[in-house]
Amino acid sequence: VGACSSPLESVPIQGACDCGKCKCDEGWYGDACQYPTTCNFTRKKSNEMCKNSQDIICSNAGVCQCGRCKCENSEGNGLIYGKFCECDDRECIDDETGEICTGHGKCYCGNCYCDAGWHGDKCEFQCDITPWEIKKRCTSPDGKICSNRGTCVCGECTCHDVDPTGDWGDIHGDTCECDERNCKAVYDRYSDDFCSGHGQCNCGRCDCKKGWTGKKCEHPRSCPLSAEDSSKKCQGSSNLPCSGRGQCECGQCTCFPPGDNRVHGKTCECDDRQCEDMDGNVCGGHGLCSCGRCVCEDGWFGRLCQHPRKCNMTEDESKSFCESANGILCSGKGSCHCGKCICSPQEWYISGEFCECDDRDCDKHDGLICTGNGICSCGNCECWEGWNGNACEIWLGTEYP
């Protein structure tokens, strides 16, 4: 990183680099000329812009100055950085040697990435086998290191366990070659059943009980329809049987979770949970939900009927609330209405208060963003009550009837 640049974010040029030091233009200051000398934001607005994903101002590791975080680096070493001061490279310093990653790796945002032949949180341990042997032991039958589902440490794979409630984990094997998630149909995430409850999962493949067939033992042999025809009938216009929200059996959908009438329709195509905000308000109290979409009352519009059509602000007042820290209106990806950004509807994945977020970054499970069990908020899944996991794929609530 250059002496006149910020480690994790790019900012407009507001100065010139002279022999490793920034000479700032008039109206700007800071090591990288990133702070304006005068601020047009209120303190409240400024603080809102400095909050991280946990709503903590500058991650409690800096101060907010005109919508930008100034990280606390009292020793002048620059080890605390990031847009919200979320990175603390002091976490990489080895207590005994005082070196970053013990001199055997590189630190990025508080985590050590070790050189070949070294491992440990601070790269403090050396392997007693050659790098070639390490790679050989961790290579799975398909030629991938730990099947791309784990981390190779000194010749042994540590598999990424995706189920925090499991004693054993969904991913296992010497090279993480077994993925039990392959035995679960979409609707099985509501239960502990593998292979639709009609078979045994062996290293990610279903061995079906008598009377059942299908990749996940989902199809009864007694059904007059073939497994393919049954799935097709349940699919409708969706890419997944029962829209990824239910169980298909002999061409009939049972919507999940059981007892939740917000998910309905012949192919479970209606998910009225999509009409709710994180507080459970349906269409902002200004409309009705119809098959997962809000029909707004007169005078309101927006995906959740959150925008009033009438506005008491002047155009300049409105725009002042829509400008992000770099002065760009709605990050150049939306329009401003009554002090709030309306992100481009052509790009469904753009969101955030200033249209600064890309919801394509949200995790998916079975092709569904946040598994259909939460809301994508600025690239992170905000799970509904009872759900957990990066993609809200894990049920931790009480058992459904």
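From the backbone N, Cα and C atoms, a Cβ is placed for every residue, glycine too.
Feature annotations, reproduced from TrEMBL:
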- 14-33: domain 'Epidermal growth factor-like' (DOMAIN)
- 46-86: domain 'Integrin beta epidermal growth factor-like' (DOMAIN)
- 92-123: domain 'Epidermal growth factor-like' (DOMAIN)
- 275-305: domain 'Epidermal growth factor-like' (DOMAIN)
- 320-356: domain 'Integrin beta epidermal growth factor-like' (DOMAIN)
- 362-392: domain 'Epidermal growth factor-like' (DOMAIN)
Folded-back contacts onto the domain 'Epidermal growth factor-like' (275-305), same chain, C-beta under 8 angstroms, at least six residues removed: 265, 269, 342, 375, 377, 382
Taken over the domain 'Integrin beta epidermal growth factor-like' (320-356), the model's mean pLDDT: 84
DSSP-derived helix, strand and coil totals, residue by residue, for the domain 'Epidermal growth factor-like' (92-123): 4 helix, 12 strand, 16 coil
Counts by DSSP class (helix H/G/I, strand E/B, coil) across the domain 'Integrin beta epidermal growth factor-like' (320-356): 6 helix, 12 strand, 19 coil
